[in-house]
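Engineer: This is the structure I have questions about; it appears just below.
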Amino acid sequence: MVAGGVVLVLVASMLMVFYFLLGCTFTTAGCQKPNSTMDSICPISTNGKLFPWAELRLPPSVQPVHYSISLHPNLTLMTFQGSVSILVQVLHETKNIVLHSSDMNIIKATFEGKEVHFLECKPWQQIAFKFPEDLKKGQYVLNINYTANLSSNFDGFYNSSYVDTNGIKRVLAATQFEPLAARKAFPCFDEPAFKSTFTIKMTRESKYISLSNMPKVKTTDLKNGLQEDEFEKSVKMSTYLVAFIVADFISVSNNVSVYAVPDKKEEVQYALDTACKLLKFYNTFFVKHYPLSKLDLVAIPDFLAGAMENWGLITFRETTLLVGSNSSSIDKQLVTSVIAHELAHQWFGNLVTMRWWNDLWLNEGFATYMQYMSIETVFPSLDIDTEFLNVRFKALAKDALNSSHPLSTVVSTPEQVEEMFDSVSYEKGASILLMLNATLTDGEFPKGVIEYLQKYNLSNTESEDLWNSLSQVSKQNLSVSEMMNTWTVHKGFPLVTVKRSGTQVTLTQEHFLLNAENSTDDSLWHIPLTYVTDKCSVLTTLNLPDQVKWLKFNFRSDGFYIVHYDEEGWKDLIDALKEDVNVLTCKDRAALINNIFALSRSGKVSFRQVLNLMDYMRNETETAPLTEALFQLGQIYRLLDKRSELNLASRMTSYIEDHFGSLMERESWDLETSVSKMTLRSALLEMACSLNIHNCTTQAKHLFDQWFTSNKTSQIPSDLMRTVFKVAAQTDEGWGKLLDVYKHSINDPEKRKTLEKSLDGSEIQTQEFPLVMKTICKNFAGYLYAWDFVKENWDKITQKFPVGSFAIQSIIMSATSQFSTKTHLVEAQNFFTSLGTKGSQMRIVQEAIETIQLNMRWMENNLNTLQSWLLGLLRKRYDCNCLNSSGYG
């Protein structure tokens with residue numbers, strides 16, 4: 001699915017279990033057998049009787065073989081009726097069958113045709129059937145009839161709606177089960193390892209269609225104008241991949257089918273063509289063709305995640321699947337990326353699935369890596385390499401915090417499962433696979449992947465299984481497992497420090513932390529080092545040619561680590577760049593910028609050294625290094641701005657204008673087709689308008705007025721919409737126009753960029769709330785309002801978005817990541833502590849607190865330097881209308 005703290009030891013895991021039991025009480029009387037995590041503590045069920053199971057994970061003694069599910073959603077009352085018949089296999093004699101169920105009214109249950117009663121522990125979302133005698137090994141049938149409400153959030157079997165071009169509200173029902181919500185649609189063994197086959201039947205009104213994972217077998221007419229669709233028996237799969245939809249969608253097909261609301265039929269062709277090309281690539285790469293007989297891609301109007309890889313029925317946000325006539329190459333890059341990610345999941349995640357959520361990275365890291373690899377091959381014009389580099393930098397930033405977590409880590413509670421959907425599982429997972437692929441030779445990486453998929457077809461795996469498969473095909477003198485375990489079981493990544501004396505190079509490694517105070521971590525990584533010099537680029541042997549002028553490690557930034565050089569090493573690189581920027585690849589230049597800002601934040605280099613490197617930027621023209629520099633400087637500007645260091649913020653504006661002003665001034669506001677140029681233009685002009693450089697806001701207002709007075713026929717380039725709309729929204733008149741456009745627009749790229757100033761849930765789709773928060777928090781006045789809003793509305797927010805989810809992570813970091821004062825630190829600590837079971841234990845809370853502390857430390861260490869340096873820089877600028885290294889204060 002497209003969307004840290006210290007690893008908990010056993011005792012801490014027990015405490016987390018206690019913490020999560022909101023409604024259960026406990027007794028030590030009558031427990032069956034001691035259990036690994038809960039010992040002899042058993043919860044009490046809703047009827048006051050002893051619940052026979054005391055763990056959040058289900059017992060392994062009973063496993064599902066097949067589900068027959070019948071559902072009838074009522075899209076008027078927003079309820080549904082359901083029945084499920086589960087063929088179970090008893091593997092070990094037991095008196096209990098325990099499975100998951102949440103928010104259901106169970107009407108009747110039978111076991112082998114005889115009515116049985118059940119016990120329920122709601123906080124654990126479990127139900128249990130107790131039998132007087134041990135069930136012998138063998139197969140049995142459990143039937144359950146139930147009713148439930150269609151969810152009003154974005155998980156389980158939920159209701160969605162949209163307004164068509166005639167202003168009529170249309171309703172539908174869709175599913176989102178990953179990670180823990182299949183249990184909200186039907187009672188089930190809702191864990192990835194409990195794979196089973198499924199048969200789905202759906203009763204609907206005749207004006208709707210229904211879709212599920214498998215092709216439809218037949219439709220039967222029922223009474224009262226209802227119809228029942230029956231779908232083929234599925235392949236063996238995990239519950240979180242089951243999906244069904246009831247809606248009035250239309251489709252376009254060509255081997256693959258793409259569905260959308262009728263008003264957007266003209267926007268599906270790009271997705272169809274893209275999916276077909278990518279499917280062909282994956283069929284060839286994996287040497288195993290897509291295993292199902294159909295593949296549907298469906299755009300859902302209300303959808304929280306970017307997309308979901310349900311096997312054979314992939315669901316998307318409309319913005320990540322539909323491409324209209326005014327969509328730009330950047331819009332296409334987003335849609336292509338999401339499609340590529342979800343199609344990769346059909347093999348990695350669906351065909352072969354992680355055993356438990358602690359190894360989520362096996363699903364998401366691999367799908368993320370394949371997303372970039374496939375696009376680079378099939379759609380080279382989309383410049384996906386720059387985007388991949390950018391997300392690797394973001395993963396490094398998160399993983400440099402004490403609050404990060406290992407790729408494979410302990411996961412127990414639902415909250416912890418939700419928290420695994422973060423940039424560590426996705427982007428870091430993809431990054432170490434890139435590094436491994438770059439290390440292995442002779443096509444060993446794809447060979448190992450194919451071996452892995454063939455060996456574990458329709459099964460569940462752990463990280464070690466992947467490494468073993470790659471080791472079997474590798475002819476190199478290294479153990480893939482030994483090497484890669486250092487990257488999956490340790491949190492964080494290494495800092496490689498390079499000290500050079502003539503041709504002799506000394507390398508050391510340490511765990512890189514932005515705040516290494518009191519750290520006792522002695523982790524070591526097996527690092528596949530590469531370097532580039534002014535003579536060559538090779539795998540490192542540490543035997544340099546004579547008269548090498550400079551040396552840069554981590555060639556093209558393929559490795560997941562950062563590099564620090566001694567004083568001469570940095571000076572040699574900076575001098576080389578000032579003489580000729582092209583001595584290094586654009587990826588290497590971007591990496592130098594990223595690394596030196598991180599080193600400055602950790603206190604390992606002075607900010608003066610950062611500015612020394614930045615001086616070469618006047619000659620930079622490539623997108624990757626320029627956008628990275630703008631991002632880093634923008635972060636510092638916002639910290640100064642929000643700390644009300646207005647003089648310093650003004651001086652920083654002048655510094656940015658001096659280094660990037662000529663590029664900003666040269667940028668065109670006309671339509672552009674190159675993704676690379678659009679990415680750079682968007683970054684430059686958004687910065688220029690936010691700092692009011694070169695009358696950028698005047699041009700943005702002019703473009704907006706043209707667009708509005710022409711009744712939206714005068715097109716705003718898609719990559720500039722956000723910048724133009726942000727400028728327009730700064731006036732009451734402009735905001736009113738934008739909100740009116742949003743309410744009456746069906747063009748999603750336009751909608752997405754229009755809504756970015758509002759928190760009014762009645763006007764803006766709730767799914768966009770995290771994006772709205774992020775945008776508002778970039779503004780000086782907005783970030784304090786947003787923080788107050790989060791505090792005052794926390795209960796409502798956590799009703800809409802699960803605690804620990806990616807949405808909650810985004811909301812918290814948007815609201816707090818730019819605080820840099822003791823007052824805000826204490827305020828945040830007090831608020832999060834007060835949450836108790838509603839969020840105080842989240843890893844993202846630790847990350848937020850740590851980020852504020854790092855901001856405070858950076859300000860304390862660098863404020864004086866900034867004041868003296870920027871003041872000296874301005875004096876030089878105004879005295880001689882030039883700026884060079886002599887301008888440093």
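Backbone N, Cα and C atoms are what each Cβ position is placed from, and that goes for glycine too.
Found this in TrEMBL, in case it helps:
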type     : residues               : note
BINDING  : His341, His345, Glu364 : Zn(2+) binding site
DOMAIN   : 63-241                 : domain 'Aminopeptidase N-like N-terminal'
DOMAIN   : 270-487                : domain 'Peptidase M1 membrane alanine aminopeptidase'
SITE     : Tyr426                 : site 'Transition state stabilizer'
TRANSMEM : 6-29                   : transmembrane segment
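So that I understand the layout, could you describe where these features sit and how close they are to other parts?
Structural biologist: Every protein chain considered, the tally of other Cβ atoms within 10 Å of the Cβ of His345 (Zn(2+) binding site) stands at 27.
All protein chains shown were included, and the count of other CB atoms within 10 Å of the CB of Tyr426 (site 'Transition state stabilizer') stands at 28.
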Engineer: Between the Cα atoms of His341 (Zn(2+) binding site) and Tyr426 (site 'Transition state stabilizer'), find the distance and write it as a whole number of Å.
Structural biologist: 11
Engineer: For His341 (Zn(2+) binding site), just count the other CB atoms lying within 10 A of its CB, please.
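Structural biologist: Taking all protein chains shown, His341 (Zn(2+) binding site) has 29 Cβ neighbours within 10 Å.
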